[in-house]
Amino acid sequence: MAKPLTDQEKRRQISIRGIVGVENVAELKKGFNRHLHFTLVKDRNVATPRDYFFALAHTVRDHLVGRWIRTQQYYYEKCPKRVYYLSLEFYMGRTLQNTMINLGLQNACDEAIYQLGLDMEELEEIEEDAGLGNGGLGRLAACFLDSMATLGLAAYGYGIRYEYGIFNQKIRDGWQIEEADDWLRHGNPWEKARPEFMLPVHFYGRVEHTEAGTKWTDTQVVLALPYDTPVPGYLNNTVNTMRLWSARAPNDFNLRDFNVGDYIQAVLDRNLAENISRVLYPNDNFFEGKELRLKQEYFVVAATLQDVIRRFKASKFDSSNSTKTAFDAFPDQVAIQLNDTHPSLAIPELMRIFVDIEKLPWSKAWEITQKTFAYTNHTVLPEALERWPVELVEKLLPRHLQIIYEINQKHLDKIAALFPKDVDRLRRMSLIEEEGGKRINMAHLCIVGSHAVNGVAKIHSDIVKTQVFKDFSELEPDKFQNKTNGITPRRWLLLCNPGLAELIAEKIGEDYVKDLSQLTKLNSFLGDDIFLREISNVKQENKLKFSQFLEKEYKVKINPSSMFDVQVKRIHEYKRQLLNCLHVVTMYNRIKKDPKKLFVPRTVIIGGKAAPGYYMAKLIIKLITSVAEVVNNDPVVGSKLKLIFLENYRVSLAEKVIPATDLSEQISTAGTEASGTGNMKFMLNGALTIGTMDGANVEMAEEAGEENLFIFGMRIEDVAALDKKGYEAKEYYEALPELKLAIDQIDKGFFSPKQPDLFKDLVNMLFYHDRFKVFADYEAYVKCQEKVSQLYMNPKAWNIMVLKNIAASGKFSSDRTIKEYARDIWNMEPSDIKISLSSDPSGGANKANGK
């Protein structure tokens, strides 16, 4: 049960969390009881904790509704340019606490729930994560929605309402087992179905060329039913919309065309159409060319573009004008951002609408299309790039294939004119790859069809320009940009680490929440011993809290005064959880060799999901759990070293582990992690980073000073040089006794005595086809880890470094990222107007910092 706050604690919780007025609390209690009674049809005698959660969620939602309606009215009145963020993933996590914070209701709700005799934290834990994403790409989309609303941009997130999100991970006998994530089982209080905006989406069929133009006919129709979720900005009364599409079979499905009397079977077959939005594909950084996935990609695109055009035509903007000239204004009113290539079919689909339906000439349609779209690239791993078989696209989307061919022809004509006789260049730059079966290179389609292409960190954008899409950036250098990723400080500081957020606010005020660059002001407190101790105390409280959580949920006991060394992210060879694992084995061997020697106690925590079909990633999990089994049960080791595999890592678990972390592991092979955003979350929450010069680590080192991160290992040039020379893993194995010992133990069954050859495939990979060169960085990594332990023994020096990192993390707010997208790509202006809640039709508004 929550304890009441003392007056001092209440004073410390400055208005970051909202003012608590008596009438405010009474109003919330009234709303809560009303919903319990009228919405849930329960009284306090029979209500369950879940009922209480839903009553609270509906009460908080009531405070969103007026602002939501008002925001949409305001956009209609003012007719600003709108941005549409298209993504197959939105990894939102939980909504309740984020909504309370952004509406300034958290303290009042806490008080109301306390007065009702309930425990706020217990209620928050009941909410299911909306796990509609795999990892970084989907979570980035969620952070971006928060920032776009906070910056007052007229923005819409468009995606799919998957019935089943990312699988729940269970560990059984050390192996990952997947379970379906039935996240909607109890209902979702935040969404509103909008059947009145249901739209048809077409598949298959054939193309007819007639006098009147081209027609796509004899198609199968699936209906797209939109569900809207409110996205509140931080204390600015703006509430934007995330619209997710659900697939529905039309009522005449399988009945109209061949009514052979099997009515029951026809109704049962409706499932086939509705499977489109059934489940999220659980691949991170890997392309799997399945027909159902292609259907998902087209489904979201086709429904969204109809909606965008409907809204454009209904807007007050130039509504007197006739269609043809009206579409000239389309790119002035609409920006569409493609989150990776997954929604790339939006390019041929918009062309199809303009040319076949709106009857625009090709050149005009293409000009508008290019001005409308922009593309974000998220990965340079070749196995992740989408390349759809022509044959599959021809079957599913015959008209789109024709349009893609036409786009390609005009594109290649242009190149041939610029580079006559350079046949190889034509082959490299074509949208169609010929070798090994014809495939469409979706990244090439996005580059050609967009006016801007961006990478997600400086180093990644450089690789995109100079290596992956070199030919394209030589052709149009101005098209290529960098937009370093960011994270929302609302969720990733205020929500998950209120103690630290309040400590910072006491020193520099509250404005940093909307302008994270103000964190540099903390540098003036580097000499303030009391402040350093307070920061350290907050970390210790978070570690204690997380230890208690681990003990309660996972039945694991850990030493809260040990260093918490954490690597949480998708399990992938390029992220090198194996390198971390080898370090754990090495520490274990050192303790065993000399148990009396001083050893800085560590709890190593590794968490993350492996794609269900990714054999090596699953074997890596089994290795981690097997090493943990040995290390954690060795009496000689005791509490000096523990290895925990954190089961079912997800957004709500990240919010618990990140504030408790001392050391953040960001150890991908240089040149493989596009940006990373977990690295930023740890930095903002007072962890130090051990990492390679990869992704955003490079810019973190630039902001904080390289001496304030633990940087080790090969740089991008070193990796290239090693590739050129030829990477021989055996050489490192022979030269480094501790590495040899660790590998031999894994190989000979020390960690799997019942199955001595359990890890032979893994060891074989490390020796003969390790693309990510684990052995090459082993020695530097272990040495760097020794430096970490050294510093940890000097708490004051450690805390100074922590404060320097927090003070340098301001650049990594997604607010900064979105301002750059708005300025450099979308041609939109953020607004600090606070929408007024009176519904006076003039769209009355005032500055957010005033009334």
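Positions of Cβ are set from backbone N, Cα and C atoms, glycine also.
The following features are taken from Swiss-Prot:
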- A2: N-acetylalanine (MOD_RES)
- S15: phosphoserine (MOD_RES)
- D43, R44, N45, Y76, R310: AMP binding site (BINDING)
- C109: site 'Involved in the association of subunits' (SITE)
- C143: site 'Involved in the association of subunits' (SITE)
- Y156: site 'May be involved in allosteric control' (SITE)
- K364: N6-succinyllysine (MOD_RES)
- K470: N6-acetyllysine (MOD_RES)
- S524: phosphoserine (MOD_RES)
- S561: phosphoserine (MOD_RES)
- S639: phosphoserine (MOD_RES)
- K681: N6-(pyridoxal phosphate)lysine (MOD_RES)
- K796: N6-acetyllysine (MOD_RES)
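Comparing CA positions across the recorded positions D43, Y76, S524, S561, S639, the one lying closest to K364 (N6-succinyllysine) turns out to be Y76. A helical conformation is recorded for K681 (N6-(pyridoxal phosphate)lysine) in the three-state DSSP classification. Taking a C-beta cut-off of under 8 angstroms and a sequence separation of 6 or more, the residue listed as 'N6-(pyridoxal phosphate)lysine' has the following same-chain neighbours: I487, W492, A654, I658. In the three-state DSSP assignment, the secondary structure recorded for D43 (AMP binding site) is coil. In this structure, the recorded positions under consideration are Y76, Y156, and the one with the smallest number of other Cβ atoms within 10 Å of its Cβ is Y76. Taking the recorded positions N45, S524, S561, S639 in turn, the residue surrounded by the fewest other Cβ atoms inside 10 Å of its Cβ turns out to be N45.
A helical conformation is recorded for C109 (site 'Involved in the association of subunits') in the three-state DSSP classification. Taken over all pairs of the listed AMP-binding residues (D43, R44, N45, Y76, R310), the Cα spread reaches a maximum of 49 Å, rounded to the nearest whole number.
The secondary structure of K364 (N6-succinyllysine), as reduced to three states from DSSP, is helical.
Under DSSP, K796 (N6-acetyllysine) is assigned to a helix (H, G or I) in the three-state scheme. With respect to K470 (N6-acetyllysine), the closest of these binding-site residues in Cα terms is Y76, chosen from D43, R44, N45, Y76. In the three-state DSSP assignment, the secondary structure recorded for Y156 (site 'May be involved in allosteric control') is strand.
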